[in-house]
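One structure below.
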Amino acid sequence: MAGAKSEVIYLGDKDLNRNRHRDRDQSPEREIKILFFDLTHYNRTTQFLLCCGGVFALYLVYGYMQELIFTLEGFRPYGWYLTLVQFAYYTAFGYIERSVERTTVPRCIPLRTYALLAFLTLGTMGLSNSSVGYLNYPTQVIFKCCKLIPVLIGSVLIQGKKHGPMDFFAATAMCLGLILFTLADSQVQPDFNRFGVFLISLALLCDAAIGNVQEKAMREHRAPNNEVVIYSYGIGFVYLAVIMLLSGHLVQGVAFCARYPMETYGYAFLFSLTGYLGIQIVLTLVRTCGAPLAATVTTARKAVTIALSFVFFSKPFTIQYLWSGLIVVFGIYLNVYSKRSKLTFADLGRMASTVYRWVLRLPPAKDGGSRTSLLEV
């Protein structure tokens, strides 16, 4: 119309949907709970601070107790028995939570899927626990920080996902930092054991597979968290109990831990309880603040865990730990940033072409059109 003001609208702008998402997030029907504690009526900042405090407090105790258990003389061969006890605790915690909530929802995920999840969970936690007996604890934590590498491969193979260049840059940075950290550890640790590296590497492979299988199963069947915990750890407990019974390691583990009940079962209870509660809080943090922010918080927690490990448990230190650890942190930052940036390989090609033309002082290439569509009304 003549004389009317024209307004420019950006098609595909993320801000167009921002209010709709905000209204949905603030709807009264959406409950935010950590176990039996309702956080729905707190504002977003308070929810974030409470979740952060819980993550740091619980996982710092978790890491401390895990390393403390392996300081017990003679406990090193019993990492798998510790996993068996941990599975029993997790199953009990999940059953108690489900009973208190009085949930009568039938099982959502097929038993065949749970059988696979239990096997992968057993591999992840059993191999990870066993590696503590052979590796410097900070090295084990650094390996676990680099979970993105096998997860990236697993998501492509299992779910057929496509990833941008930032994800691959992040994985490359993590690989480099991991190699440098391991080399530094082998130089300062007189009892450096390659078998520990082998164990934690297998644990990461299982972790990558379980993350993708679990995500796919929970997305398709919409199973509650406590159901996944009960069946995954319950079936895993049966697997491991049968294997250890047939191999004779179950009797040996029971006999050893009977001599040190507080240092084994008592510490394992705190170790398992803090781990179980920590999982619930991380899931709540993901639900309220998003996965990138949750990844940032858990990464900061791991950095503090490594620092406290050097404080509470005497071990040699080299400045190479710091530099290689910072490279890993940079890789994690790139991974978090990739969730917000939709950079593609085509974008990289255009950027490289622009830089190439600028260096050679060539005229700019003709743009086939702006990526942002404009509509004038």
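In case you wondered, yes, glycine gets a Cβ from its N, Cα and C as well.
Taken from Swiss-Prot, the feature transmembrane segment covers 50-70, 77-97, 115-135, 138-158, 164-184, 195-215, 228-248, 266-286, 293-313, 317-337, and the record attributes it to sequence analysis.
Touching of the transmembrane segment (115-135) and the transmembrane segment (266-286) is ruled out by the presence of fewer than three CB pairs under 8 A, sequence neighbours closer than 6 excluded. Ranked by Cβ pairs under 8 Å to the transmembrane segment (317-337), the stretches 50-70, 138-158, 164-184, 195-215, 228-248 are led by 164-184. Sequence-distant contacts of the transmembrane segment (195-215), counting only residues of its own chain at least 6 positions beyond either end whose CB sits under 8 Å from a CB of the stretch, comprise 113, 116-117, 120-121, 123-128, 130-131, 133-135, 139-140, 143-144, 146-147, 149-151, 153-155, 158-159, 182, 228.
Long-range contacts of the transmembrane segment (266-286) within the same chain, counting only residues at least 6 positions beyond its ends with a Cβ under 8 Å from a Cβ of the stretch, are 32-35, 39, 48, 51-52, 54-55, 58-59, 61-62, 65-66, 68-69, 82, 85-86, 89-90, 93-94, 225, 229, 293-294, 297-298.
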